[in-house]
């Protein structure tokens, strides 16, 4: 009983609240950024711009893994203890890296990168030759979400609290989720991101356990090998859509083909791996 000790630290609450705030700040970038591009760019250029946006979004985790690799080489109490007094190395199982340093660096960089957004104009000039009826505009008209209430004279600004309480919000939500193509896209995205997040989350631990790599080296290898191809694929997809001027149906067929090829290649993971380590009491008996 003398070896048992209940955890008493509540630092996880601060990490939880920090991630909640981070999520709130990150969420508007994707929907509002894409809408901003769709409204003020030529229709044939939108796929390339959106591809660039998502490519840059994939470069962030890549640099994050590289930063995590660097921080994992530093002792967790860096700045508070004498480095010469540390007798263990990053290869030691008792080593704890400076995981908190990445949050500070990332937070400062996020704050600095947010400053230029304050200087973006509320509205831009529509490019010459841009169609008045965008594809997304037409889709919403077909679902009846806009109807005849599109004219700015008839539309009055509403407070978000009033929108949530009234029927407007629920009717809009019902019409959006009633769009079969959009709802199918949501389900597809849910499955894709669930598998991708699980893959990235546990791949580092798998490399540590099966291949005997340190946390620092595992993060470095993932950042260099896994994420750049994803960003490159997103960018090439945008170029292909622009070159062949794909509509919604053509883009759907293209997505199905690429998803099937990705699924077929992912099956190869079943044929790669190592034998389980021998652990007394788990994979082998104590005798």
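Each residue, glycine too, has its Cβ placed from N, Cα and C.
TrEMBL entries are annotated by machine, without manual review.
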Checking feature assignment: transmembrane segment per TrEMBL, candidates 154-175, 220-241. Which range matches? 220-241
In TrEMBL, of the candidate ranges 121-140, 181-200, the one given as transmembrane segment runs 181-200
Is the transmembrane segment (96-120) packed against any residues at least 6 beyond its ends, judged by a Cβ distance under 8 Å, and which are they? 18, 22, 25, 64, 67-68, 71-76, 78, 90, 215-216
